[in-house]
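For reference, Swiss-Prot has these:
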- 24-63: repeat 'WD 1' (REPEAT)
- 129-166: repeat 'WD 2' (REPEAT)
- 167-207: repeat 'WD 3' (REPEAT)
- 222-264: repeat 'WD 4' (REPEAT)
- 266-306: repeat 'WD 5' (REPEAT)
- 322-361: repeat 'WD 6' (REPEAT)
- 364-511: region 'Linker' (REGION)
- 512-924: domain 'USP' (DOMAIN)
- 988-1158: domain 'Exonuclease' (DOMAIN)
- ASP991, GLU993, ASP1097, ASP1150: divalent metal cation binding site (BINDING)
Amino acid sequence: MDGWSEVLRIPSSVFATDNYNNPTTIVNITSLQFDSVQNFIWCGDSRGYTRSFTGSFATNSLYGNLQLYPYTKFHTSDVNYNNPIKQILSHREGILSLSNNAISFNSRRGLSKLQVTSKTFNNNATTENKFNNLQAMTFNCNSFNDVVVGTDTSMMKFDLNKPNVLSSFDHQGGISLLNNLGKFLTIANSNGSLDIFDPVSNSTMKTFSAHNGFISNLDVRGNYIATCGYSIKPKRYYHNQPAEYIVDPLVNIYDTRIMRAIAPVPFPAGAASVKFHPKLPNIIIIASTSGQMQFVDIFDQTNVYLYQADLAIPTTTTTTINNKPRMSNLEISENGDFLVFNDNCDNMHLWSISPSSKDFVNFPQPVEQPDIIDSNFEIIDIDANVPLSIVGMPYYKELLLSNYPNDLRFVKETAKLPEPIDIELILENETRNNGTKKFFPYDKLKYGPGNVYKPYQSLKDNKENKEISIPKFISERSTTTTTTTKELKADNDGKFIDDSIFQYKFQGKLNKVPNCYSRLQIQYSKFGIKDFDFSYYNKTKECCGLENHTDNSYINSLLQLYRFQSSIYNQVVGSLSKEWLPNDITTIITTNNPEGSSILNELGYLFDMMFKAQSNNVKIYNLSQVLNHHPNAQKLLNNNELLNLNSQQVRDLVIEFNNFLLTTLHQDFQTQFQENFNLTELKYEIEIKGNGTSCPMYDKHQGSMFSLELITPPSNMLNKMSILINNNNNNNNPQYQPEPISSLDNIRRNLNILTYLEYSMNQYKTIPCQQHNHSYPHNLEIQTSIVHLPSVLTINVNLSNPEFKIINNFTQWLVPEFYAVKSKSISGKNGYSFKEIDHPTPNSATQESGKYKYKYELLGYVCEINHQSDIVSGAHNLVAFIKVNNNGGWYLFNDFLVMPIPEEEVFDLQPSWKKPIVIMYQQTNQPSFNYLTTTTTTTTTTTTFSNAGKYDDSILYRDHFAEGIRKGHQLEYELLTRKESPQPGSLVAIDAEFVMLKPEELEIHYDGYKKLIKPKQLSLARISVLRENGIPFIDDYIVHTSDIYDYLTNFSGIEPNDLNLTLSNRENLVTLQTAYRKLWLLLNLGVIFVGHGLYNDFRTINLQVPERQIRDTAVIYYKSDFKRQLSLKFLAYVMLKEKVQSGNHDSIEDANTALLLYKKYQNLYNKEDFESILNYIYSEGQQLRFKVPE
């Protein structure tokens, strides 16, 4: 740090105000700041002005002395005040200036982008009092748009992109300085203490007592914090003596990794300012008010460089407060080459360690200069008297195009015929490919449809016999034609189907991942998600797919596995028969459960919706929201479809979630219904024994767990067990000849998962005894055994990559069925042994029923698919193989792709990209599914909901507001009575309103083309349900505690704070589960829902309603020839002669209008006049442009 010197001083006369009557008036410098983007020094003064200086070398100097030139000056304080500028922050798009009651955001040219005052925010009436007496500001952690502001009473933040919302932090007390680290905010309190604050958890992580008086300066770099300040001088005479402050001779250093102070740096002159060097974080720059500066190494405090600044001595004409020179506002540039500060005569001093440099940042952007118009531009007038040669021509070294010879001919290169292919290559290729002419394999999914010869095909034949079905938008089915190639497969009806996505195996290519395991993406057209052809990916009739454009969608495959386990399905869905609707403020606010639900409840609703959806797709949004708010699931959240995780991290996440799910289901059953969820519970026993009589140590413990962690046996044990299996299988064969053992790979090929299970369920180890080691050293024997197997055995396979490679060598590691034998070992220990059923027969269980007690079969497993190397992030996805039918039908579930798959593909684990993670075996005597249906069926495996009688539907007949019943509330609806109990076929009108939680994600190309990546995320805000006579019986507003991006007031009628539990004027606020349970009960009771645009409503609510229970007026009054659906407002004007939705939307009004339109349709349909009326509606719409006249 040797070589620093003063290179420039700007006198105080530069900062004089533009007042011609008193030109000697001095403006005090209150803040300084180096720019982080361009070569600027920013200066704030006491009159509320911010100005900038830019550096340049003098043109008339031989050595290029640095000069600072004024660039801009503009007023940044509140327009009604001239408050001093307390702090300046550099932003990539401009400059932030802090005054007493305003924050101004200006471009570097001085143009105002934004001015934030107390009137900017629309939170509530108390905001005006909060956003005053501003003291400090900084950017939020890892964000340049969130600005954190500290006042003399609190701390707040706002977004530069949306500055109308002011959020408060949970921090009390006055703030003098603010700064930010990578994850935390550093707060200098007015009482001299230092707080380490976490903005994510909204809490103070650590508080240090830094200085007795106050902190004068604060700086951070890396993991270190440096502070300097003042202490209160002890009172010597009487207690009412005014407080006096003395500067502390130490600079405090704090390490945020260990959250404590380290060795301070002494500075006898009194530290008033401290800064970290930006390039050498171990170097700090300490300055006193008298101008003494030291460069000190905090790890080697003997390494000190001392400098003294030449400060101007104030005179009585400039100040009358202090006649001593005083230094303030020390700042260092981003590249560490310049220092700037000012004295109390308002002179600005610039120091540098590199006199030949003029850059304040490493890579500065060019400074925008004003346009200079050349006033001496001459215009040449050409008329008949002036020759054209006066204009002049440049000198050309080559001939111009206009000077080409007459015999020159131009030949177009593309007009040449291509060179013929060598006949020898064609003959060689035909010989190699058995006569087929194929040079290179063509990947259609990668490169798109090939440019091949198209044979003639008449339009008539194409429509009637050769219709092509490929994955495309539904709106393009009738207009898009596609070439029929060899990759298109014809079905029994003569139609061609592109089945490349359903390809599950490449012949002879084990390392290439087939198409059916690829990561799928939902495409969005201008018609939205409804236009995407989900039916192409799922041609089954009973298995639904799950969408993957939802947070935590990585659990889709695991949820599919549990949904097809009948015992788990019956118990989880059966729990919905009892009502559990917490609505107290402790649940909603304190425990952060605004949905008023649980993992058990949402999983029950989801399972029921997955059954009712049949082959339609389902979202897991409601379950994901509860998961996001669950306190024990914060480490399990993933909202980017595993793009940030490698192979091992994906396995860890899925297995951890599996354990969390089973444990949470058990806890929810005990909390809600005082029941146990023991379908997957394994009971184990731990026995500790000493060494005979010399060590009488003995202990036994018992416990339980809900899943088994699979452990790979040691290599020597695998070797030994393989030999035993060979002997047992071939002792009775006289022609058997033992083969020599050449390698471990050859030995392991006859092992399977049962070997791993026996080793994992019977663990044995020894540890040194610590209680009797005074006599002689000996060991304790610890044996862990599984003593009880559940009816559903869930196995977590969290193995390393080398261990998975061992499994890849097995011919069939998974077994379809096995017997579990409960027996005692030689030592009398209870345990289990397993035997594979090589050739199961119908009477195999009865023949050996005395020996084998439990018979298990494979239900399915969750499999990780590696598309690239294991260490690559974002190249892995999850699928599930599940045995759906009792007759042995296997299906592959890859999000919304559902397809049958052969059994040999399920048990083939030889490809290295295929790794089982969660395996589920179940006992063969599982009960049948108890599905809830709304109609009487002839099968014995379904239950009619209306006849069940055990489901609690009392919520339909009472109010259940959040925070309890509100007395005196004037209801806009009348509750149902038991006499009005909904029956199958009853008409109810419904309408819902929504708010936006997240905006849509767009991909914008350079040419302006926009592609929708993810749609906007909506949340239910209000639901209204009406009787058939138009009288409402449900009108609920849904509580929201998370941030709402847009209330969509013009469409929803929801005003800000309407959904806030503490600030809302609405009395009928309920939790999301309360409203959802009402709709779920109505759905299962078999009512018919009438509404307008019900597809989007039910999709957002996550309710799967059969088509036979929907009467959608948007579909009823739709004529396919026009390809335009009519709005409810226009239909009401034409059909009912009424004007609705004149102001904000009202869900009761909209539901009643849809009900009247449906009744109108019934009357017209019975009179057989509906088609003519529909034509009249569209003709009127064309004349009015489908808009209601004002």
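All positions are counted from 1 along the displayed chain.
Placement of Cβ uses the backbone N, Cα and C atoms for every residue, glycine included.
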For ASP1097 (divalent metal cation binding site), which DSSP three-state class applies?
helix
How do the residues of the repeat 'WD 3' (167-207) split into helix, strand and coil according to DSSP?
0 helix, 28 strand, 13 coil
Other C-beta atoms within 10 angstroms of the C-beta of ASP1097 (divalent metal cation binding site) total 22
So how many other Cβ atoms are close to ASP1150 (divalent metal cation binding site), meaning within 10 Å of its Cβ?
25
Surrounding residues of the repeat 'WD 6' (322-361) on its own chain - C-beta under 8 Å, 6+ positions past either end
1, 3-12, 15, 26-41, 43, 55-57, 64, 66, 68, 217, 272-273, 275, 277-280, 285, 287-291, 293, 309, 311-314, 316
What DSSP gives for GLU993 (divalent metal cation binding site), in three states, is strand
For the repeat 'WD 2' (129-166), residues assigned helix / strand / coil by DSSP:
2 helix, 19 strand, 17 coil
Ordered by sequence, the long-range same-chain Cβ contacts of GLU993 (divalent metal cation binding site) under 8 Å (at least 6 apart) are LEU1020, ALA1021, ARG1022, ILE1023, LEU1048, PHE1051, SER1052, GLY1053, ILE1054, HIS1145, SER1147
Any same-chain residues 6+ apart from ASP991 (divalent metal cation binding site) with CB under 8 Å of its CB? Would you list them in sequence order, or say none?
ILE1023, SER1024, GLY1091, HIS1092, ASP1097, SER1147, ILE1148, ASP1150, ALA1151, ALA1154
Taking the mean position of the Cβ atoms of ASP991, GLU993, ASP1097, ASP1150 as the divalent metal cation site, which residues outside that list, in the same chain, have a Cβ no more than 8 Å away, listed in sequence order?
ILE990, ALA992, ARG1022, ILE1023, SER1024, GLY1091, HIS1092, HIS1145, SER1147, ALA1151
So what pLDDT does the domain 'USP' (512-924) average out to?
82
